[in-house]
Amino acid sequence: MSVIKMTDLDLAGKRVFIRADLNVPVKDGKVTSDARIRATIPTLKLALEKGAKVMVTSHLGRPTEGEFTPEDSLQPVVDYLKNAGFNVRLEQDYLNGVDVKDGEIVVLENVRINKGEKKNDPELGKKYAALCDVFVMDAFGTAHRAQASTYGVAEFAPIACAGPLLAAELDALGKALKEPARPMVAIVGGSKVSTKLEVLNSLSKIADQIIVGGGIANTFIAAAGHNVGKSLYEADLMPVAKELAANTDIPVPVDVRVGLEFSETAAATEKAVNEVKDDESIFDIGDKSAEQLAEIIKNAKTVLWNGPVGVFEFPHFRKGTEIISHAIANSDAFSIAGGGDTLAAIDLFGIADKISYISTGGGAFLEFVEGKVLPAVEILEKRAKN
């Protein structure tokens with residue numbers, strides 16, 4: 001994937017417009033989870049070290065375009081950066097130009113307040129572009145959306161490049177999907193086959209084995225001829241599951257953990273996959289299955305992980321995901337993980353430092369895995385050619 005990288009550019013004295021992902025949760029004017037800001041700080045430091053005049057912006061929440069309310073403001077992000085030692089200020093009225101002093105960071109107010117942002121109005125893209133000498137796209141999480149601050153500005157800025165976060169994300173995904181070290185194992189969890197169908201289809205052409213979990217696994221279990229009781233599954237997609245299983249190595253669990261109701265207090269019973277009763281629901285894989293899958297992961301050279309294999313939020317149905325998580329953490333494989341539930345499992349089991357790369361983009365991660373072109377990356381590639 002050939003894009004210009006910010007790390008390769010001379011930015012001394014240049015006006016640099018960074019599109020970051022600072023869409024963080026805020027409560028009572030305070031940032032409650034700072035992961036995205038922390039991920040962006042090295043990019044801001046690098047731009048300052050290179051002598052750039054630094055502007056940074058992001059979306060926050062879902063404001064109505066053209067209508068500003070204090071809840072939509074990036075002020076809590078500015079306060080956070082001030083506390084982190086940066087010389088930083090917020091600029092609300094910036095579309096007709098902004099002065100940036102040496103060594104300061106100017107945060108441009110929430111882009112989604114600007115009329116035309118979401119529909120990628122070229123006039124707005126040109127206004128963003130006029131603010132800078134170099135546009136830096138560093139928000140992988142919004143790369144699957146063609147908007148004025150992710151696409152339009154990149155079309156019209158004198159130079160458009162990928163920031164360190166975006167470049168690292170593209171490198172890691174490329175390593176896992178374009179030319180993976182083999183065997184390559186993909187783990188796809190989630191409640192429905194329908195929501196991950198394109199992911200499964202795309203991975204079936206790349207992966208040597210696909211491990212399915214959650215409600216998705218239930219559909220494969222049913223397609224293999226087993227009773228799934230009251231489990232969440234999609235009867236209409238059993239033919240699709242059969243076809244995928246016929247053409248790809250997708251191991252079906254040999255044992256499962258079942259409960260009589262979907263609740264944190266429900267008792268868990270472990271049993272063979274062919275012994276599930278009509279009033280039971282499958283909420284996790286059993287120990288034998290988990291150990292078999294852990295062995296597959298142990299022998300892998302590349303692991304792509306998207307989704308848990310059971311209802312890990314409930315302690316009684318956590319063990320399958322825990323065993324799989326530790327197998328990935330202890331593996332020598334190049335591992336890449338993405339998706340909200342996956343990140344929650346990584347946090348729960350404390351294995352973040354043992355995953356080779358953790359993707360920051362939910363929807364963008366899935367679309368990349370599906371083989372779709374990400375508009376914000378496509379325009380950077382186009383600009384790199386010119």
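Placement of Cβ uses the backbone N, Cα and C atoms for every residue, glycine included.
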Given Swiss-Prot lists E313, G339, G340, D341, T342 for ATP, the same-site residue among K192, K196, K205, K230: K196
Have a look through R145, R182, R257 and flag the one Swiss-Prot assigns to the substrate site that D21, L22, N23, R36, H59, L60, G61, R62, R112 belong to. R145
Candidate with the highest Cβ count within 10 Å, taken from the binding-site residues D21, E313: D21
Between D341 (ATP binding site) and D21 (substrate binding site), what C-alpha distance do you get in Å? 19
Spatial separation of G339 (ATP binding site) from R112 (substrate binding site) - C-alpha basis, Å: 24
Annotated ATP contacts K196, E313, G339, G340, D341, T342, maximal Cα-Cα distance (Å, integer): 21
Rounded to a whole angstrom, what is the C-alpha distance between H59 (substrate binding site) and T342 (ATP binding site)? 24
